[in-house]
Amino acid sequence: MLTLLSRNSCSEVKYTIYTISRCTYDLTMAKTTDYWVEGLAAAVFTPFDENRQLDLSKIEPYCDHLLKHNVRYIYVNGTTGEGNSLTLQERKMVVEKWIEVSKKRLSVMVHVGCMNLTESLELTRHAEQAGADAIATLPPLFFKPTNIDALVRYCKAVADTAPHLPFYYYHLPIMSHVNLNMEDFLNRAKDEIPNMAGLKFSDKDLVDLIGCSFVDGGRYNLLYGCDEQLMAGLVTGAHGAVGSLHNFMPDLYNRMIQQLKEGDFDSARKEQIQGQRLCRIVYRYGSILGGNVAALKAIMSMIGLDMGPPREPMRAITSEEFGKYKSEIESIGFSEWH
Ligand SMILES: CC(=O)N[C@@H]([C@@H](O)[C@H](O)[C@H](O)CO)[C@@H](O)CC(=O)C(=O)O
């Protein structure tokens, strides 16, 4: 309990009080429930060479960049990391490399979701052995859970495989097409999944998000994943953010979070609109390239970190497209505010 208090001592008073209440709530769970993400988590890209093969040598400078910009959490092998386009072996190698180079300076959350449970459990065991700090999973993407019971059973099977790791469910209905109510899910999961830590909530349904923030006295850590409206997510109950934009514009989002804490909503809105403007350009190029990750990866080159091309079915941006894309992004002031 003392550790928890000192860890939160720099945070706002409300978080400290909240943590005390979580400790009081269930001391026996301290090992798993004291994991708590506040602020930004970068959903990291997986770097490839020009042949779309892993290029792990790009991870160390990438890690240095995130640390330099005060990012302390990463989310590995998720959507941005093209996790579902990697083999199991590749996913393990990426996780090991991040853990090796970050030397505990970054907290590493690993996405372990696969099309089948057996492989998800293999990645879960691997994440635990490799020294990950937390795991998260998407639902299976072909035979999908069609009701809360099925989703809870599936998540429990994953979470029980690493009972000492905090477990997050990755709610991404726009891509998973599993669109179940998360407040109902948490209310069921609380009795079934002891190491349930929270949600990576990548949906615009803020009615559901605020509901989640009150489940079981507000004990679940909610990480918002729609960078274009992070401000709304934070006001509605999210404690932190997991997103792709936090790779290349963390300064802006960190400023916005600080402004919100100070109650300066006007300034925060002015930061948020920049993220929204950038996303509108990304979506346009993303639709040409077969997916937003292809367009987002290209922005990394603009800050001097080449992540290589995306894997199929996305395609790499051509140099002609890159030139136009870059000047559009520059025209909204990217180099001034990122
Ligand atoms: C659907 C999607 O990829 N969403 C992104 C956002 O960061 C997204 O790129 C951003 O909000 C722009 O739409 C993240 O939530 C994804 C993420 O965190 C991940 O890599 O798993």
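Cβ coordinates are placed from backbone N, Cα and C, and glycine is handled just like the others.
As annotated by TrEMBL, active site, proton donor/acceptor applies to Tyr170. The feature active site, schiff-base intermediate with substrate is assigned by TrEMBL to Lys200. Residues or ranges marked as pyruvate binding site in TrEMBL: Thr80, Val242.
On the structure: features taken from TrEMBL.
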{"residue": "Thr80", "record": "pyruvate binding site", "contacts (Cβ under 8 Å, 6+ apart)": "Ala43, Val44, Phe45, Gly243, Ser244, Asn247, Val293, Leu296"}
{"residue": "Tyr170", "record": "active site, proton donor/acceptor", "contacts (Cβ under 8 Å, 6+ apart)": "Gly78, His111, Gly113, Ala136, Thr137, Leu138, Ser176, Leu199, Lys200, Ser202"}
{"residue": "Val242", "record": "pyruvate binding site", "contacts (Cβ under 8 Å, 6+ apart)": "Val37, Ala41, Ala42, Ala43, Tyr73, Tyr75, Gly78, Met109, Lys200, Ser202, Leu223, Tyr224, Gly225"}
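Secondary structure from DSSP puts Thr80 (pyruvate binding site) in coil. Every protein chain shown contributes to the tally, and the Cβ of Lys200 (active site, schiff-base intermediate with substrate) ends up with 28 other Cβ atoms within 10 Å.
When the recorded positions Thr80, Tyr170, Val242 are checked against ligand 1, Thr80, Val242 have a Cβ within less than 6 Å of one of its atoms. Look at Tyr170 (active site, proton donor/acceptor): DSSP puts it in a strand. Under DSSP, Val242 (pyruvate binding site) is assigned to a strand (E or B) in the three-state scheme. DSSP assigns the residue listed as 'active site, schiff-base intermediate with substrate' to a strand segment in the three-state reduction.
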